[in-house]
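Trainee: The following block contains the structure, expressed as structure tokens.
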């Protein structure tokens with residue numbers, strides 16, 4: 001239990017079973033992966049756990065951040081995202097320019113930027129506010145015991161599967177080819193441009209927050225902060241996420257991504273139930289994906305990182321003594337989770353990912369599509385905020 005900022009004392013109390021389950025699952029998973037000859041996957045499993053731990057303790061999300069910024073002017077969480085992106089860019093750009101790091105080939109997420117991304121990100125933005133989270137948000141809150149997030153996650157996977165089945169409808173829309181800003185502008189100019197844009201956004205949001213609330217909330221301080229039991233200042237999580245995404249790049253050879261695993265889970269379930277034969281869908285005929293459909297899940301890095309993330313959040317919730325799931329969900333909030341999840345999944349498939357793979361990892365990779373993604377997702381969030389009261393969802397976030 002913490003009684004002053006910076007303390008690391010904890011009380012296990014009634015959450016001891018949660019801690020035992022979380023630590024046991026993480027340890028067993030790491031040992032199994034290590035013994036089966038994949039130290040790389042074991043490392044990514046633990047990186048995923050670290051991501052979930054950081055996300056939960058700082059309540060670091062994108063959905064609530066945009067809601068607070070748009071509706072009340074509180075911009076701390078969005079400014080923390082700018083810090084996260086700035087640190088990631090400083091780490092990623094030189095590594096990607098080199099092409100290899102310590103002998104490991106590395107590549108970024110650089111995808112086409114076109115109408116498919118615009119429409120998909122807009123739908124995703126609506127889904128964020130109705131479903132109550134994005135991909136990382138639904139995973140870490142589900143791991144922390146939020147049962148509405150579990151519903152959102154199930155229908156997120158469903159929407160992603162439908163998007164994979166319907167891929168031909170959107171893939172023919174006009175789009176620019178993949179654009180890497182470092183390749184087009186040069187490493188130095190691309191670094192300066194991206195950092196300047198991030199700094200300008202953070203400064204403008206801070207000034208807007210001061211006008212609307214009378215102050216600018218600090219990023220590096222939080223009352224009662226504790227590394228082990230939380231809560232964390234937003235800046236701690238921003239730095240941790242940037243470093244852990246870079247660790248993913250070094251270990252996996254590509255940045256952090258989440259939603260590709262959702263498409264795999266949904267397709268496998270549909271195949272196992274006899275509802276469809278995804279192997280013949282154009283989405284899965286793509287040579288970059290065909291291997292994923294039948295690869296053992298214990299050999300899939302994205303799957304393992306997602307499960308590790310959930311367990312990391314589960315561990316953090318136990319340390320914070322906040323794991324207390326409740327199955328009482330109103331009908332309208334439940335309906336919002338269903339609709340929101342479908343929009344999240346379908347939109348993520350169209351837009352080459354979510355806040356993580358499309359925005360965070362896309363911008364960190366120097367891809368133009370990452371900036372296009374967020375420019376389209378923000379209007380979607382605004383529309384989603386307007387729709388929230390129809391589903392008996394909280395109209396305004398707490399400061």
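Every residue, even glycine, has its Cβ placed from backbone N, Cα and C.
Sharing the feature lines straight out of TrEMBL:
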| type | residues | note |
| --- | --- | --- |
| TRANSMEM | 18-35 | transmembrane segment |
| TRANSMEM | 41-62 | transmembrane segment |
| TRANSMEM | 83-103 | transmembrane segment |
| TRANSMEM | 149-165 | transmembrane segment |
| TRANSMEM | 185-206 | transmembrane segment |
| TRANSMEM | 227-252 | transmembrane segment |
| TRANSMEM | 301-319 | transmembrane segment |
| TRANSMEM | 331-348 | transmembrane segment |
| TRANSMEM | 368-387 | transmembrane segment |
Trainee: Under 8 Å between C-beta atoms and at least six residues away from its ends: which parts of the chain pack against the transmembrane segment (185-206)?
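Mentor: That would be 69, 75, 78-79, 82-83, 85-86, 89-90, 93-94, 97, 216, 363, 366.
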Trainee: Would you kindly check 18-35, 41-62, 149-165, 227-252, 301-319 and say which stretch has the most C-beta pairs under 8 angstroms to the transmembrane segment (83-103)?
Mentor: 227-252
Trainee: Which residues of the same chain, at least 6 past either end of the transmembrane segment (41-62), have a Cβ under 8 Å from a Cβ in it?
Mentor: 26, 29-31, 33-34, 77, 80-81, 128, 133-134, 136-137, 139-141, 143-144, 230-234, 236-238, 240-241, 244, 247-248, 251-252, 256, 298-299, 301, 304-317, 320, 355, 359
Trainee: Ranking 149-165, 227-252, 301-319, 331-348 by the number of C-beta pairs under 8 Å to the transmembrane segment (18-35), which range is first?
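Mentor: It is 301-319 that shares the most Cβ pairs under 8 Å with the transmembrane segment (18-35).
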Trainee: Restricting to the same chain and to residues at least six past its boundaries, which positions have a Cβ under 8 Å from a Cβ of the transmembrane segment (149-165)?
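Mentor: 127, 131-133, 135, 137-139, 141-142, 259, 262-263, 265-267, 269-270, 276, 278, 281, 283-284, 329, 334, 337-350.
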